[in-house]
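Feature annotation from TrEMBL assigns signal peptide to 1-20. Per TrEMBL, the feature region 'Disordered' maps to 24-55. Among the features that TrEMBL reports, compositional bias 'Low complexity' is placed at 29-41. The domain 'Peptidase A1' annotation in TrEMBL covers 82-428. Sequence annotations record features per position, and here TrEMBL assigns active site to Asp100, Asp297.
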Amino acid sequence: MKLGLLVLLVLFSSSSICSAWFGSKHKTSSTSTSSSSSGSGRYSNRHEASSSSSSPFLLNRFRSSSSVVLPVHGNVYPVGFYNVTLNIGQPPRPYFLDIDTGSDLTWLQCDAPCARCSQTPHPLYRPSNDLVPCRHALCASLHHTDNYNCEDPHQCDYEVEYADHYSSLGVLVHDVYTLNFTNGAQLKVRMALGCGYDQIFPDPSHHPLDGMLGLGRGRTSLTSQLNSQGLVRNVIGHCLSAQGGGYIFFGDVYDSSRLTWTPMSSRDYKHYSTAGAAELLFGGKKAGVGSLFAVFDTGSSYTYFNSNAYQALISWLRKDLVGKPLKEAHVDQTLPLCWQGKRPFRSVYEVRKYFKPITLGFTSNGRNKAPFEIPPEAYLIVSNMGNVCLGILNGSEVGMGDMNLIGDISMLNKVMVFDNDKQLIGWTYADCDRVPKSRDVSI
Ligand SMILES: *[C@@H]1O[C@H](CO)[C@@H](O)[C@H](O)[C@H]1NC(C)=O
Ligand SMILES: *[C@@H]1O[C@H](CO)[C@@H](O)[C@H](O)[C@H]1NC(C)=O
Ligand SMILES: *[C@@H]1O[C@H](CO)[C@@H](O)[C@H](O)[C@H]1NC(C)=O
């Protein structure tokens, strides 16, 4: 179980021991850094084209017709996360990355050398010596201020910490991502990523991945970097299947008229949060709980409601299950609230008949309602003991205050679109098992 919401991003003083490693690495490689910067055009034709602005028309045409679609692997339970494979470096090497729309920075566990890394599926990333300087716009964006400390002007140190106390400390480098676009082009795109050489994992055995793929709203996020090079519209979408797997996409590949849309918050610019408040409906009936602001975040396996909404949910469920063949299973510690049947269950689809949908009724352009429906299979799991457990948890217990966090579980079987250009969040039911493959895909 994972709660990957970003809670802290700080520049630390590079007097610490850890950054001294990279500092010395930088010193020994400083000549090659400067010599390779003159040759950095070789990294990517596209980057060359965009920086010299040879043909804005061509770039626009490329962008309007291009996107990247990647299959994802994983599930809510028992795995707890979804991962994609990206090819990074020269020559390109594959890495498994946890997809996280709740944070911006993409980073890899990195041999800089590494102080603390977990076991990774692939050899540790060896950083390029193409360091992102401290005064670079991407470094500034990570620190959310122009007024940050640069002890070494040649490098950008970062530290990210997630809500489950998982953290990564490292330095930003530029390297080459090899990406297949839906218009058939395969491009080598030079983008920034974190070389994370000191990670803290709450449970090291639990995170068998090479790193994190940051898909948030900030400038360092992968879509934003692709967008700033004119390659795709600044749009990220995903479709996670309740059977496990699914896909993510960057760019404009969906039919927007099929989606239900609600505006993104302009105040909480760090998260994909809704501008308007929602009211809660249980089984289609008003629950008497309103003013709910929600954040959508693939970095979290489960959904969290604020204390009020959670209390209302538990009361309703307990009342609604009276007379049904399910009783609370206190021995099952998988999640705080589980129920057992006469015989162990194998799938959520066996129990969905006992449960009703939950709906977050958002507003969209004032009058139209934008309901976000959460059917039973998007709030329940079946534990390894064969009980059914509630995948909506008490956010107040983990210090989220009044916030509501919509995690992977509640976005299952939907195409979710986060359009950063138009500042809109959209969704619709979809078959996420069918990964679009062909050219000119439309989702
Ligand atoms: C991550 O995805 C790859 C396929 O891209 C899959 O083979 C691998 O098992 C996944 N890793 C985990 C830890 O689920
Ligand atoms: C990208 O496309 C090439 C062929 O055009 C293919 O060999 C390769 O496997 C693709 N890579 C990914 C990650 O899909
Ligand atoms: C949710 O958590 C808060 C804070 O720990 C607690 O006061 C409240 O009783 C919890 N609600 C329920 C229904 O358990």
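Including glycine, each Cβ sits where the backbone N, Cα and C put it.
Taking the C-alpha positions, the distance from Asp297 (active site) to Asp100 (active site) comes to 7 Å.
The average pLDDT for the domain 'Peptidase A1' (82-428) in the predicted structure is 93. When Cβ atoms from all protein chains are considered, those within 10 Å of Asp297 (active site) total 26, not counting its own.
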